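Colleague: Below: one structure in structure tokens.
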Amino acid sequence: MIEPVALKDFFITFFSAALVILGGAGYAGLYAWAKLRGNPRLLLWAYACYAVLAGATFLLARATHLNGQWQILVGLMLTGYLLAPLGIWKLCVASHGN
Amino acid sequence: MNSIVSALPGKITSLFGKLDSPYLNGGQQLAVKYFSVATVLFFAQLLFGLLAAIQFVAPGFLFGWLDFSVNRMIHINAMVVWLLYGFIGSVYWFLEEESGTEIAGLKLGNIAFYVLTGAVTIVVLVFLLIQTGPGKDTTIWFINEGREYIEAPRWADFGIVAVMLVFFYNVAGTFAKGRWSGISGVLTLDLIALAGLYCAGMFYLTNITADQYWWWWVIHLWVEATWEVLVGCIMAWSLMHLIGARRKIVQTWLYIEVALMFGSGILGLGHHYFWIGTPDYWFSIGGFFSALEPIPLVAMVVHSVYDAGVHQFKSRNHPALAWIIAHTFGNFLGAGVWGFMHTLPQINLYTHGTQWSASHGHLAFFGAYATINIAFFYMAVQKWRGNVWMGGELPGNGWKWKWAMALLNVGVLGMTVALLIAGYEQSFIERAMEGSTWSAYFSAQNHPWFQQAMHWRLLFGLITIAGLVLLIWDLVTIGKGETRPALQLLEAE
């Protein structure tokens with residue numbers, strides 16, 4: 001049985017989970033925009049969003065007691081969300097080319 | 001009396017016949033019938049939702065006449081059915097153009113429409129007229145099957161499956177007769193799953209865990225798998241005809257979407273199995289695959305930015321495109337953010353079945369499904385009027401569609417936030433602090449946060465209904481008297 005969230009972590013769980021998705025979307029959107037404009041400053045903002053995503057994931061993992069082997073999974077998912085926009089961008093370029 | 005009854009079918013068909021337009025092909029004439037009933041059911045969904053919302057703030061309202069349980073049931077069932085009507089209509093709409101031939105068995109398709117609409121009418125009347133009574137075997141067959149969200153009695157279930165099979169025959173038969181494409185292949189396979197999965201909700205088991213296990217196959221796998229793919233097909237076709245997107249691109253992305261959706265959505269089913277008595281491994285499966293479910297949304301964000309920046313698309317129908325944009329935001333917020341906030345079992349233990357679920361449900365269904373149907377209604381009405389101009393510079397600067405869109409979005413978002421506050425309070429006080437007892441339930445229900453949230457929900461519900469009335473008015477009048485032809489786009493390859 002997975003250990004439920006403690007009462008004191010109630011808000012942080014909802015808040016960090018929402019930030020995971022918003023940070024992920026911000027990272028993906030800004031990464032694509034930076035590539036489109038060729039603007040390295042936007043890329044920095046994209047990585048700032050990823051940092052928000054990573055921080056929120058850390059908080060969420062702590063609040064939801066993702067210990068032991070679960071932490072490997074958290075690491076793998078963070079890597080996956082880091083690489084996903086890069087892969088999707090490549091797919092966009094490849095699928096839209098003549 | 002008998003003469004009235006015998007004349008009724010003729011009167012009904014002539015009523016729907018008035019919707020025919022010389023600019024439409026056979027499938028599109030049928031689609032307009034589906035869209036018309038969908039709009040009526042959309043209104044019914046909001047009307048019964050409003051009655052239920054009033055009962056939250058004034059519990060004695062209509063008590064004994066139209067109980068909360070009935071209003072809630074019709075509110076949700078009407079939503080499921082109007083969305084399905086919209087999807088079926090959209091497929092009939094593009095069937096002939098996509099296949100390059102006339103629809104196979106169109107007459108049968110028309111009969112199926114009247115059968116389905118008649119069945120829906122009878123089911124709703126029975127829900128309204130027979131609200132209480134003993135639960136027997138015959139009740140399951142003729143009154144109410146008792147499964148939340150799909151309460152239709154079993155006779156209607158068989159009717160629904162029969163109509164779905166006719167729909168499948170129309171679609172598969174037409175493509176087999178004409179030409180296949182990536183969109184048609186995905187669509188045809190998806191319809192097999194759509195009809196097949198409904199059967200999982202049709203049998204009754206005395207073990208409640210086993211019964212719920214199969215019931216979720218219909219609810220989750222319809223909504224988070226087959227409906228998503230169906231919407232993907234409708235969206236792919238719409239983008240080609242709305243902004244001139246190339247077929248090769250939309251089909252490639254349809255395949256990617258299907259792969260991502262099935263990769264995460266099918267086993268995401270596990271998040272419904274946390275608390276129904278299934279084995280513990282569903283905690284891990286449900287939690288993990290639910291965490292993967294936002295990936296298609298991340299792909300959507302990257303692709304939208306790419307398309308907006310690289311291609312200078314011109315839209316031939318501004319209201320439809322605006323609703324498609326609303327779809328992307330609504331889907332992302334409602335399904336992505338609101339879903340992930342409470343999907344892990346460690347927190348879902350407290351939120352499952354509270355107003356938090358209702359908050360997520362309101363925004364996700366509106367964002368992911370209602371918006372795409374409304375977009376398609378605008379595309380349909382454009383051709384129905386004779387393929388007229390629906391770009392910028394509409395009469396009155398298009399105030400009706402803009403205000404309808406604003407009111408509907410503000411209304412739904414407002415209800416979502418109000419329900420979120422109520423759900424947070426409910427999961428915190430009723431579940432976490434007081435341990436889900438009967439008295440805890442009442443503590444939460446009587447808390448000022450909950451009470452105030454219900455008043456706000458009612459207010460935003462009224463705003464939503466005002467938006468729908470304006471939307472219907474706009475759909476009936478937009479393009480009337482317009483003489484400018486629609487913007488011509490390059491033919492999709």
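Even glycines carry a Cβ here, placed using N, Cα and C.
Annotation comment: TrEMBL describes B:1-493 as domain 'Cytochrome oxidase subunit I profile'. What TrEMBL records for B:34-54, B:74-95, B:111-132, B:152-171, B:183-205, B:217-240, B:252-275, B:281-308, B:320-341, B:361-381, B:401-424, B:456-476 is transmembrane segment.
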Colleague: At a C-beta cut-off of under 8 Å, are there same-chain residues at least 6 beyond the transmembrane segment (B:34-54) that contact it? List them, or none.
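Modeller: Same-chain residues near the transmembrane segment (B:34-54) but 6 or more away: 16, 19, 61-62, 66, 68, 71-72, 74-76, 78-79, 81-83, 85-86, 88-89, 92, 113, 117, 120, 124, 370, 373, 376-377, 380, 454, 457-458, 461-462, 464-465, 468, 472, 475.
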Colleague: Quickly jot the same-chain residues contacting the transmembrane segment (B:361-381) by Cβ under 8 Å, restricted to those at least six beyond its ends, or write none.
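Modeller: That would be 28, 31-32, 35, 38-39, 42, 79, 82-83, 86-87, 89-90, 93, 227-228, 231, 234-235, 238, 241-242, 317, 319-321, 323-324, 326-327, 329-335, 338-339, 390, 401, 408, 412-413, 415-416, 419, 471, 475, 478-479.
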Colleague: Would you mind listing the long-range same-chain contacts of the transmembrane segment (B:320-341), meaning Cβ under 8 Å and 6+ residues beyond its ends?
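Modeller: Residues packing against the transmembrane segment (B:320-341) from afar: 235, 238-239, 242-243, 290-291, 293-294, 297, 300-301, 304, 347, 359-360, 362-368, 371-372, 374-376, 378-379, 382, 390, 401-402, 405, 409, 412, 416, 420.
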Colleague: Given the cut-off of 8 Å on Cβ pairs that are 6 or more apart in sequence, determine whether the transmembrane segment (B:74-95) and the transmembrane segment (B:281-308) share at least 3 such pairs.
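Modeller: Since fewer than 3 Cβ pairs under 8 Å link them, the transmembrane segment (B:74-95) and the transmembrane segment (B:281-308) do not come into contact.
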